[in-house]
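In what follows, a structure is listed as C-alpha cells, so that the remarks can point back to it.
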Amino acid sequence: MTTRDSWRAWASGRKAPRITDWLREISEPDWSATVHHPLFDDLAAGRLEGKRFAAYMVQDYGFVDPFTALIGHAIGHAPSMADRVVLGQFMGMLTSDENSTFQRTFEAFGVSARADHLPATRDFRHLLHEVGMGGQASASGRYAEILAVLVVTEWLYLAWATRISRTEGLHPLMGEWIDLHDNPDFQAFVDWLRQRLDEEAAGLDDTDFSRMAERFRETVAKELAFHDAVHPCR
Ligand SMILES: Cc1ncc(CO)c(N)n1
C-alpha cells in the first residue's frame, strides 16, 4: 500500500476530505504535543522569565534564518506570479516586523543573537536547508515539499497562538510575539498555504506524494524536539 493509498482510504467516506487534515492526523501525537506545549502556556500566563523568553528567541532566530532562505526557495520554485506575490508579502513581514521583534528582544534582555544553537535547533536548521536545496523530487514535488514544511511551521504557530489566552500585564515583547501569530493576516496566510498544499499534493506522482508526507511528519517531529529543548519540562 502506497502512502497515497492510505490518504485515499482515509478520504473515502469523509465529507470534504483535505490532504492537509490527513497530514496533520498522521503526525499525531507530535502535532498536539506541540500545539499544547507548556512553553506557550507559560509564555501566555507570564510565567516565563524574561531571560528564558530571550533564550527561546535566540534559538528561534536560529530557525528563522534558514526559514527565511526557504521562503526564498519557495518564491523561486512557485509555479506562478500569484504564489510569488503571497510568499513575497510574507517574506516582507518576516524581514521587517518579525525581525524587529527579535532585535528588540535581544536588546531588551541583553542577549546576543549569536549564541550557540542547541542540537535540536541545529537539526531543524539542517532540515530547512536540505529542503531548500532540494532532493531528487521533480519540480512540482520540490515545491510541494517546501509547502509541506511551511504548512507545518506556520499552522502550528497559528494553532498555539489562537489556543492560549494571555494574562493581563504580559511583557510587551511577549505580547508582540503572540500578536505576530494570532492575527487575521497570519490566519489568512495559513489558510492559503493549506489550500496550495492541498492542490499541489493532489497532482503529485506516488513517489513525490510519499516524500511530501514524510517531510510533513519529519517537520512536526522537529518542531516538538525544538520546543522540548528550549523548554524541557513537558
Ligand atoms: C520553531 C518555529 N516554528 C515555527 C515558527 C513560525 O514561523 C517559528 N517562529 N519557530
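We number each residue from 1, going along the chain as drawn.
Note: Cβ is positioned from N, Cα and C throughout, glycine not excepted.
For 29-226, the entry in TrEMBL reads domain 'Thiaminase-2/PQQC'. Residues or ranges marked as substrate binding site by TrEMBL: Asp60, Glu98, Glu154. Annotation comment: TrEMBL describes Glu223 as active site, proton donor.
In the predicted model, the domain 'Thiaminase-2/PQQC' (29-226) has a mean pLDDT of 96. Residue annotation for substrate gives Asp60, Glu98, Glu154. The furthest Cα pair among them is separated by 13 Å. A Cβ within 8 Å of the Cβ centre of Asp60, Glu98, Glu154, the residues given for substrate, is found for these other residues of the same chain: Phe63, Val64, Phe67, Leu94, Thr153, Tyr157, Leu180, His181. Around the residue listed as 'active site, proton donor', taking its Cβ as the centre, 24 other Cβ atoms fall within 10 Å, counting all chains. In this structure the C-alpha atoms belonging to Asp60 (substrate binding site) and the residue listed as 'active site, proton donor' are separated by 11 Å.
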